[in-house]
Amino acid sequence: MALTLRSSISFINQKETKILKTSDDVPAIVSFAKVKPSYRLRVKNSMQEARPARDNSFNSEARRNEKWEKVHAPSVAHSHSDSKRVPVYVMLPLDTVTMGGSLNKPRAMNASLMALKSAGVEGVMVDAWWGLVEKDGPLKYNWEPYVELVQMVQMHGLKLQVVMSFHQCGGNVGDSCSIPLPSWVQEEISKNPDLVYTDRSGRRNPEYISLGCDSVPILRGRTPLQVYADYMRSFRDRFGDYLGSVIVEIQVGMGPCGELRYPSYPETNGTWRFPGIGEFQCYDKYMKASLAAAAEAIGKKEWGGGGPHDSGQYNQFPEDTGFFRREGTWNTEYGRFFLEWYSGKLLEHGEKILVSAKGIFDTSGVKLSGKVAGIHWHYRARSHAAELTAGYYNTRNNDGYTPIARMLAKHGVVFNFTCMEMKDREQPDFANCSPEGLVSQVKMATKTARAELAGENALERYDADAYAQVLSTSKSESGNGLAAFTYLRMNKRLFEGDNWRHLVDFVRSMSEGGRRERLPASDSHGSDLYVGHIKSTREKHTQEAVLV
């Protein structure tokens, strides 16, 4: 992979020239143009997995790199005292750590982090996958590849957000690799399929353990909540020296995709397609028992036999169903009872995990955040059907986001929300979408609840229009402004010429509260990062990185 970064700003001390050793096979070239004389960094990057070093060689190399790697955000102060400044983070690839337990393509990662630092990015985000860290057995944790990453991030002067990812990777929008739950957890699921979410037809979803068994010791003597707490405690103990300094935020996973929701719209095997309404996920025996108890408690035992019988199927529209149509069952006494129970169980699940996380990380100096999905399709319909099946009791008559915001604010947890880049006019008319309306509602909910709000883009976007929309939504004219923004996601396309210029422009603007609409021409013309693969058959395999 060849990386070429050109900028009118001098990022590197021109008196320094260093040779670095590496075992990588694919060249990555980072060159800084418009600086006389010009410097070129050649890094060889292996396509093979490599075990992280266990000695101090990486740290010593980091010290050697410090002189030449004086890469700063152009004219961007990193002080958080400026209340209008919105720090920007970039999500790392889903497969940053391999199934083999090593940091994936470390030399390419090193070059990419250097480039992100040059753009003024505050830091990066990475998933700490349960299925990788605790895969060898209960309480057997392997944090070593993440240690290597944290050290690399520290070397570049960046910050790190870490996601406690208790879900599987694969089967959802944007999932580019497969990382299942730990094999010992899968064994327990095979013995007792009711451990995972289940829809009305009996289809099981292996993405995440059902919240119905949160407090049941079904994982070899531990409850899921205990397993999550032990995992977070192990992380805290291993990374204590970095918490609050390099690692500045822990995003606590609470459901599929790390989001506080039910897996109501799974893409696996074509089960769901946009803009289907999805299905309720309350048919495992633990959820059914909870529903039955709730119904009996109010003297309506007949309401506890299962979810709504008229709620349709994954790919239907609201008006195709008795439950979600304009004057449907959702707005009856029964409908309100069921939706309050269904959404209430989700909120209770999230709060239990966050209370545990708060106790574990309370004095560590890190922020805690929780992610809520931006389900914007059928938002204009009265029932907001797609939000209801996901567990958000948000309708024309009921505000579903203020209760979530209040719960998060109660525990000092940041409300992280997606789809910040979307505009209503970009969506198909038949889907009844309103991402702008949804974001506006969430901004007002967090303001009312006094919860801190952070944002992400829902889909990969590289165009100036998407960045401009994020800039607009980041402001606090109506509701809460953004405290931080995390861009999805670092990959080869991000580093292509126009895409890179747009990112640099965006980071600059966010650092100035959105006041700068474009970079000055001198900077904009000079910023050019090119990424491309060079076939190994045409390249001489070398073992060094050279600044020339």
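Backbone N, Cα and C atoms are what each Cβ position is placed from, and that goes for glycine too.
Feature annotations, reproduced from TrEMBL:
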- 46-65: region 'Disordered' (REGION)
- ASP127, HIS167, ASP175, LYS371, HIS376, THR418, ASN457, ALA458, ARG489: substrate binding site (BINDING)
- GLU259: active site, proton donor (ACT_SITE)
- GLU456: active site, proton acceptor (ACT_SITE)
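A Cα-Cα distance of 14 Å separates HIS376 (substrate binding site) from the residue listed as 'active site, proton acceptor'. Shown are the recorded positions ASP127, GLU456; of these, the residue with the fewest other Cβ atoms within 10 Å is GLU456. Recorded residues GLU456 (active site, proton acceptor) and ARG489 (substrate binding site) have their alpha carbons 10 Å apart, per Cα-Cα distance. For the recorded positions given as GLU259, HIS376, ARG489, the lowest number of other CB atoms within 10 Å of the residue's CB is seen at ARG489. Other Cβ atoms within 10 Å of the Cβ of ASN457 (substrate binding site), summed over all protein chains shown, number 22.
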